[in-house]
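The block underneath contains the structure these notes are about, expressed in structure tokens.
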Amino acid sequence: MNYRHAYHAGNFADVFKHIVLTRVLLYMQRKEAALRVIDTHAGIGRYDLSGVEAGKTLEWRSGIEQVFDAKAAGSIPAAMLELIAPYLDVIEQENSAVKDNSLRYYPGSPLLTRHLMREQDRLSALELHPQDYKTLAALFEGDYQTRVTELNGWLALGAHLPPKEKRGLVLVDPPFEIAGEFDRLVEGLVKAHRRFATGTYALWYPVKDRREVNRFIANLKESGLPKILRLELSVRAPSQEPRFDGTGMIVVNPPYLLQEEMTKISPWLASLFGENNQGSYKIEWITGEERAEK
Ligand code: SAM
């Protein structure tokens with residue numbers, strides 16, 4: 001386990017993923033009933049963008065910093081700003097004590113989720129890296145709404161489902177540092193769906209090797225699971241050699257409004273993050289309401 005998210009926190013993929021996460025959560029909270037969020041690959045929760053790791057790659061500069069600069073310049077269209085404001089508010093809260101109002105801390109998925117949770121909601125966060133687990137556990141120490149566990153996140157797709165709340169969002173955000181992660185995503189989803197078919201699932205994947213992505217999408221279709229929405233954002237045209245050209249989220253049982261919201265948000269993000277006007281996005285149903293024929 002070499003992957004450390006601190007090198008990548010706040011990059012364009014994080015921004016995209018966390019905006020999707022925010023929109024899904026907020027929609028699910030329209031119902032009063034308690035909600036459980038299960039974050040299978042949680043990371044450390046709070047990232048210091050002035051730290052050594054973030055400083056080595058500076059990926060956040062072409063990610064969250066672009067969004068903050070656009071906000072400061074007043075160039076975010078109002079309809080867009082309304083949709084991403086809850087996400088930006090969390091980041092502003094995280095940075096409220098930073099001198100000069102500058103951007104120093106970036107909240108990862110468990111911390112973002114925790115900010116958005118209501119009193120009745122619960123978070124289960126899993127992290128396998130011993131050091132990252134300790135950091136995350138310390139962040140939520142004494143928080144009775146959050147349970148941090150040092151566990152293989154893939155196991156949560158079996159044992160932890162269905163949650164006792166019966167309403168849940170499962171975020172699966174593996175590091176893709178070892179081969180076979182796309183297959184594990186499909187297998188994990190099928191297993192989880194068998195136990196908890198009404199849950200909402202958000203799976204992250206990199207758009208790097210397009211053949212792998214196409215195979216992944218074909219396998220999802222083949223899985224027979226209904227209601228799978230594909231959301232993608234690319235910052236450049238497909239590279240010749242595999243390169244991190246874009247980012248994707250698969251949302252199973254997405255909230256009713258997600259497609260419409262992402263249709264507003266994605267073009268703006270594609271123009272903001274796109275290199276040489278080459279940003280693009282994709283929003284499509286892999287399977288619709290009906291269970292696909294196998
Ligand atoms: N979800 C986080 C966010 O959005 O802020 C980022 C997570 S990062 C992409 C992936 C994390 O998964 C890393 O912190 C890594 O240590 C952890 N990890 C790797 N393999 C794991 C496994 N089998 N189970 C749980 N966590 C794992």
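Backbone N, Cα and C define each Cβ position, glycine as well.
As recorded in TrEMBL:
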- Y3: site 'Interaction with substrate rRNA' (SITE)
- H18, H41, S109, E127, N152, G153, D173: S-adenosyl-L-methionine binding site (BINDING)
- D173: active site, proton acceptor (ACT_SITE)
Rounded to a whole angstrom, what is the C-alpha distance between S109 (S-adenosyl-L-methionine binding site) and Y3 (site 'Interaction with substrate rRNA')?
16
Rounded inter-Cα distance in Å - Y3 (site 'Interaction with substrate rRNA'), H41 (S-adenosyl-L-methionine binding site):
12
Consider each pair of residues in H18, H41, S109, E127, N152, G153, D173, all listed by the record as binding S-adenosyl-L-methionine, and report the largest Cα separation in Å as a whole number.
22
Using a 10 Å cut-off, grab the number of neighbouring Cβ atoms around the Cβ of D173 (S-adenosyl-L-methionine binding site), all chains included.
23
Ten-angstrom check, please: count other Cβ atoms within 10 Å of the Cβ of N152 (S-adenosyl-L-methionine binding site), all chains counted.
12
Going by DSSP, is S109 (S-adenosyl-L-methionine binding site) sitting in a helix, a strand, or coil?
helix
